[in-house]
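A.B. asks: One structure is given below, represented as structure tokens, and several questions about it will come after.
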Amino acid sequence: MGHGSSRPDSGEPSPDADTAEAPVPSRFARFRRRLRFHRSGSDQLPFKNLAAEDFAGIARIEIIGAEMKFKDRWLACLSFGERTYRTDKSDHTEKPVWRSEKKVILERNGPHIARISVFETNRLSRNNLVGYCEIDLWKVLSEDSEDNLEGLSLLDPSSSNTIVGSISISCYVEDPIETEKAFARRVLAVVDYNEDGKLSYSEFTELISAFGNEVAASKKEELFKQADKNGDGVVDMDELAILLSIQQEKESLISNCPVCGENLGKYDKMNDMLHMTLCFDEGTGNQSMTGGFLTDKQASYGWMFKLSEWAHFASYGIGLKSGSSASHILVFDRRTKRLVEETIDRRIILSMRAIYQSKVGLTLIDKGTRDLLRSISEKQGTWMNSPESAKDIPKFIKSFETFNEFFIRELKPGARPIAYVERDDIAICAADSRLMAFTSVDDSLRFWIKGRKFSIQGLLGMGTYSNAFDKGCLVIFRLAPQDYHRFHVPVSGTIESFVDIPGCLYTVNPIAINSKYCNVFTENKRVVSLISTSEFGKVAFVAIGATMVGSITFLKKEGDYVHKGDEFGYFSFGGSTVICVFEKDAIQIDEDLLANSERSLETLVSVGMTLGVSRRKQATEEMPRLENCTLGA
């Protein structure tokens, strides 16, 4: 390669060319257009200010193909953290082939489990989830392999013991050192049109121009000579790497990303490198997946849902939006650190909106809906305790005589490990649930509870309420019907009292909680227990009934000493809620739980996961005891 361009066609029209003929765009222009096409809409690169010590690598995941048990047109989705990507649809076959890839950034304390979902696409409005699998990217990172080609079983979403097919993927994780070493190669690939690993002078100058640095652009020839160490008239990858490294220490050559054109320098050099690395790979790699989705269900929706979004009949976003646009409930899975969609029948959503999010619905509630809900719940409870209800139990379970026996079944020992079981200064999650946590009642009203009359005094009742709870933390555990319905003790201490408070049986679904017309927590039937602890002071534990939940049963009695993690009681059939109220300055809630709650985003947790640590013990440890101090001579 000499000083001339190595491109077969430079894209520039010759002087005697027919002026009516449109110029052919350069390969570099086509490359940038291709990247913009793949990143259209809301699919922007997921950058934030990532600290160097948090960067763990870049994972490349390629979904190659699958073997299913029937013919259809298929698509696959890759979910990681709060982003989901999808392949194109396959041909009508039982062995779909996609060969579609995506690269994602790994953080040391971030998500590390990727989920792949496969959908059949034979419906107009939405597609059907057939199977899924999960990949632990930390495990891939620990394996010393150039390219991990795997065949994974696809599991039935309704029964993880059933295999519905298999999928072939290729997964490779590039560690931080490899990413830095490969940066020059990626930069060179942007304008190395004949892919020989070398840049001619014209290619080099085009690259410098793409960097968007006016100072560097004015010194192209000088920089080329500086880079061309051996004087052979071309710049190879090693020479380019040395030039970039030297200039990085002085003044970076790169002001704009040469692929997407975005201004760099918002954070630091490492973040700029990561931005360009993903841009380069997305433009030069295999077929890239389409992004801009939050969950695999959203990615799989057909044209009718997209039309309804465009027309504002439906919306899709993090946190449940108040009002008629609240059509989806998204929660953050704490284990996998990704978003999941909570499935609710559309007819139920419409009915709940009509009842709980309008003045008309409020009027109906006042005119007799309360009694109707109570009557329905009582009748359903009677049915669930009858032998006839056993026919609703899944066929593979034979040992329960009634549906409620199945519903309130206990877990096997060890199924929910208790975090730091020996430390009473660490509180745990009280239920398998969707959790919201707030440092004060004011925060809960700002981010979640919209009922106009909510207060700690109204929640706890005069028999349990004290001023110490007014400015304390509030933790809400929402149990859905599909959850394990026993609740556990979050802290160790002595049970002082139980107080029954009669009330309604409204739903505890966020559509009702987010309604300004309804005060679910202070109007529903509930039992308030007070636990006295040495680490957290007094803790109020409130078990709240809901529609289809007429029965709240406690397994402990007043005066019992309980250890965190002990079974405390259970709800009979239906959704329900537990609320824990701590005294002011008693607990430091885990940061991830608070951060999600500030976004009006529930966190999916399990019994035994950490909830927070005692601030009183921290204060005691931080303050030196006077009697232990020694005066210097």
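Here the Cβ of each residue, glycine as well, is placed from N, Cα and C on the backbone.
In case it helps, TrEMBL gives these features for our protein:
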ACT_SITE  Ser576  active site, schiff-base intermediate with substrate
DOMAIN    13-151  domain 'C2'
DOMAIN    179-214  domain 'EF-hand'
DOMAIN    215-250  domain 'EF-hand'
MOD_RES   Ser576  pyruvic acid (Ser)
REGION    1-23  region 'Disordered'
A.B. asks: Determine which residues of the chain contact the domain 'EF-hand' (215-250) at the Cβ level, with the cut-off under 8 Å and only residues 6 or more beyond its ends counted.
C.D. replies: 1-3, 181, 183-185, 187-188, 197-201, 204-205, 208-209, 269
A.B. asks: Hey, what's the Cβ neighbour count for the residue listed as 'active site, schiff-base intermediate with substrate' at 10 Å?
C.D. replies: 32
A.B. asks: Along the domain 'C2' (13-151), what average pLDDT does this model show?
C.D. replies: 77
A.B. asks: In the domain 'EF-hand' (215-250), how many residues does DSSP put in helix, strand and coil?
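C.D. replies: Helix (H, G, I), strand (E, B), coil: 25 helix, 2 strand, 9 coil.
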